[in-house]
Amino acid sequence: DGTEPSHMHYENDENYFRGYEWWLMKEAKKRNPKIKLIGLPWTFPGWIGKGENWPYDYPDVTAYYIISWILGAKQYHDLDIDYVGIWNERAFNSKYIKLLRYTLDKHNLQQVRIIASDRLWEPISLVLRLDSELDGAVDVIGAHYPGTKTVPDALLTKKKLWSSEDYSTFNDDIGAGCWARILNQNYVNGNMTSTIAWNLVASYYEELPFGRCGLMTAQEPWSGHYKVESPIWITAHTTQFTQPGWSYLQVDGHLKGGGSFVALTDGLGNLTIIIETMTHNHSQCIRPPLPRFSVTPQRATFYLKGSFHLVETLQVWHSRLGFEYGNSSLFQQLPPVNVWKGSFSLDLNVDEVYTLTTLKTGQKCRCPEPPPSQPFPSNYKDDFNIRNPPFSEAPNFADQTGVFEYFVNSSDPGDHVFTLRQVVLQRPITWASDADQTISIIGNFQWVNMTVTCDIYIEKQRDGGVFVAGRVDNGGIYVRRTKGVFFWVFADGTYRVTGDLAGEEILMKGLSGVRSNVWHTLTLNIQGNSASGLLNGYPLWENVTISSPSNGWAAIGAHSFEFAQFDNFHVE
């Protein structure tokens, strides 16, 4: 639901301090040093394709780009990347995968393993069986949204099978039910030993296409409000009592009355059993469609054999998703279960999760209440005057195409030394349908009447241009169809008012006298069904009728992938 800045915007550019991912990886490692780090390209900078929307024509260039990122992670952040993927949900190329493995090895990165191909089980599984060199290069077959099922070819490779992207579901109790079910059944039905949720935390504007499709919600940086949603506690049932490197026991995990269980061990005598009894209507994920099945209350008896026969008690953690009454009980510790001569029984109701474990380390934090929820400030300013910003991008701006970064104008006489600059100069090798324009949104989607003011600086001569906008209604994978009220000025001295980002619905146009490489101030005022625009404080156009959209964010952006600067942003 937005763009991320690359470590290499241009061929001769390297910067390992952009974006939030380095910070996020370091924070994760602080909490659990055993956590695994994976890199997967969704998109590549345009220079890699040398003009083509394809990353495999110059495989050595693409491999160099990926390996630079892995080496930078280590050099600048002391982060060890464990796995790397090929191209998210797009075609793979066998020659490139082999070259990537060769290049990793050449740079002493033998421990970095390759996942392929983050799409479907086929054709990658079949190709691995037919190509022994490729088979040697790939460690893990990763499939997306497998619906808990795998295919014979994948099993025949004898490789680790992962659901390398899953969940993607609204994080209410049904989302928690989806997550509980697939965390178990991806192994029980499909032999998958890893399930990765897209996404970790919903920290982006909720009205974007995949609003709240994270395990928890933290989408108000201006208030500090967040919510630990039920999928987090479903996660805890597995992740507090296992670690990467534990092994699944090869048992049939289907329960007679419906539902499933898995059992894992660290190989040192510890045992963790996770049981789920999610019903069909309370565990549907966003994709794929879920075939009907039934779950009924049942008594289940478990028999511990081998070395586990000696286990005498198991700690118990329990969740019940309370759909009928709306009072869920999440991750509560219950009295331990006594194991009698290697067996114990449990009465299972529907929509429950149990963890039974030899580990005594489980905990549910008693955390202070987060600050109360508040809407985005109705009067918001940013002059971007920050000498050593902790992040490369300004807070609250959400780039939807292009990248907007803090910039220091060392040649400026003083008013505009610190600015925000759009820095992507070529359309990327895209994953989704990025716009042809660059855009960053900000504010409250419910806003109706607003005044947006911003100083702008066009850097591209002749056909360069920039805009400020209001009532912006879309982003993410739908950014190309974004509507709103867009006030454009161009380096050729013209202006336009359009009802869309693409610039096809022209509401007004004329001459402005704006030129490139000069600072100007744009003001867009939207009241009811009428809009007006000012240039440098003087009216340029007024009384333009606005029919739709009726509300939306504010935004800034440029006419293409071009350098452009913004300063003294103000929305009211």
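Cβ coordinates are placed from backbone N, Cα and C, and glycine is handled just like the others.
Straight from TrEMBL, the features:
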- E89: active site, proton donor/acceptor (ACT_SITE)
- E165: active site, nucleophile (ACT_SITE)
- 1-240: domain 'Glycosyl hydrolase family 59 catalytic' (DOMAIN)
- 248-363: domain 'Glycosyl hydrolase family 59 central' (DOMAIN)
- 399-572: domain 'Glycosyl hydrolase family 59 C-terminal lectin' (DOMAIN)
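When pLDDT values are averaged over the domain 'Glycosyl hydrolase family 59 catalytic' (1-240), the model yields 98. Residues within less than 8 Å, Cβ to Cβ, of E89 (active site, proton donor/acceptor) and separated from it by at least 6 positions along the same chain comprise D118, R119, H144, W431. With DSSP classes pooled into helix, strand and coil, the tally for the domain 'Glycosyl hydrolase family 59 central' (248-363) is 8 helix, 51 strand, 57 coil.
The Cβ of E165 (active site, nucleophile) has 22 other Cβ atoms within 10 Å, all protein chains considered.
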